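Enquirer: Input: one structure, supplied below.
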Amino acid sequence: MHNLIQDLKGNIRVFCRVRPVLMDDGEKPLCRISFPDDHSLEISKQLSGELEDSKSEFSFDQVFSQDSTQIEVFEELSHLVQSAIDGYDVCVFAYGQTGSGKTYTMQGGAGSKMGMIPRTSALIFHYIEELSKSGWEYTVEVSFLEVYNEVIRDLLNQHGQKKMDIHYNEGKGTTVTNLTIQPVKSAAELEKFISVAHNFRTTAATNFNAHSSRSHAVTKIYIAGTNPQHGIAYKGSINLVDLAGSESAKTSGSDCRLQETKNINKSLSTLGDVMYALCNKNKHIPYRNSKLTYLLQSSLGGNSKTLMIVNISPFVECFRESIQSLRFAAKVKEVKTVIKRNKSNLQ
Ligand SMILES: Nc1ncnc2c1ncn2[C@@H]1O[C@H](COP(=O)(O)OP(=O)(O)OP(=O)(O)O)[C@@H](O)[C@H]1O
């Protein structure tokens, strides 16, 4: 399983997923969306019976239709879990409008609806068990945080929060002071912590989605492997990020919600600025303009295999936001990365 590739050059990978229409969506008019192949999507606002209007076409590394299952999405993502075990830093983030299916994709529900985070946790421990047969020893740790209104909160320390600051160090990447990093011994234990953190995440009603998540949530799993027989050690990690929904200020309700929305939009627009600066190979990349981008600095522009899942809603009322998300995702796909494996020799 441990491969020989050391440094990899590539691009940020981008998947697109379209959310299905649900029972409680009523009779909302739908965009016309088609999938010419596994990598492209065509979208137009045309209603049935209307004259042909212009279609917008987008290509990504993979597209998933309204009928896609969590298993199909995870199948594509599972290679990255293997990379984290192999000593690479990995980041997967879900981006999209409020109610477009980010939390469903990342967290999901029970059984076949289980999302990327619990599936990742189960697969890590499956790989570790297999590799222990050939002399590998692993430690796994996990942390959960959210960025809410530009303040970081530790989702494993629900009482007595301490002030948390982000630090970036060229060799070490990003660290957060006072963040609980919890050792875990099994998939069941990891899932227990995932569910504690998920329940603690800030949620509030919005006009679009009754259980909308108003914070960016970052689950980070740290995996360290040593093989005393071969005298080598690897250190990988996987960041799983469920971003807050992009939502225009005029649809957001009360004053307090407006402030939330402004902060969410600020961090998402900084994410956009960072991506554009990286694409243009600018000297200055404005990572520090928001907590989110500072936190994800090494995942966005540094040493990380990064995958963005752009989620879109199929409704005509969401068309403008969907096109904006798709354009942003197309830009992200151009960002180049160089990835190093974190390997050391045991003395
Ligand atoms: N692929 C899917 N299959 C079935 N149901 C889905 C799917 N995607 C989303 N849903 C459902 O659609 C609704 C909105 O999805 P979700 O809460 O994941 O959106 P979101 O993008 O995380 O929203 P927010 O940004 O407000 O947190 C939920 O009821 C969710 O269960």
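Start at 1 and count along the chain as shown; that gives each residue its number.
Here the Cβ of each residue, glycine as well, is placed from N, Cα and C on the backbone.
Keep in mind that TrEMBL annotations are predicted by a computer and have not been checked by a curator.
What you are looking at is a predicted structure, and each value in this text was computed from that prediction instead of being measured.
I grabbed these lines from TrEMBL:
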- G96, Q97, T98, G99, S100, G101, K102, T103: ATP binding site (BINDING)
- 11-335: domain 'Kinesin motor' (DOMAIN)
Enquirer: On a count of neighbouring CB atoms within 10 A, which of the binding-site residues G96, G99, G101 is highest?
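Expert: Compared across G96, G99, G101, the most Cβ atoms within 10 Å surround G96.
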Enquirer: Could you list, ordered by sequence, which of these binding-site residues: Q97, T98, G99, have a Cβ under 6 Å from ligand 1?
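Expert: Near the molecule: T98, G99.
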Enquirer: So for K102 (ATP binding site), how many other CB atoms are inside 10 Å of its CB?
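Expert: Cβ-Cβ neighbours of K102 (ATP binding site) within 10 Å number 27.
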Enquirer: According to DSSP, collapsed to three classes, what secondary structure does G96 (ATP binding site) have?
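Expert: In three-state terms, G96 (ATP binding site) counts as strand.
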Enquirer: Of Q97, T98, S100, T103, which of the binding-site residues has the most Cβ neighbours inside 10 Å?
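Expert: Max Cβ neighbours within 10 Å, all protein chains included: S100.
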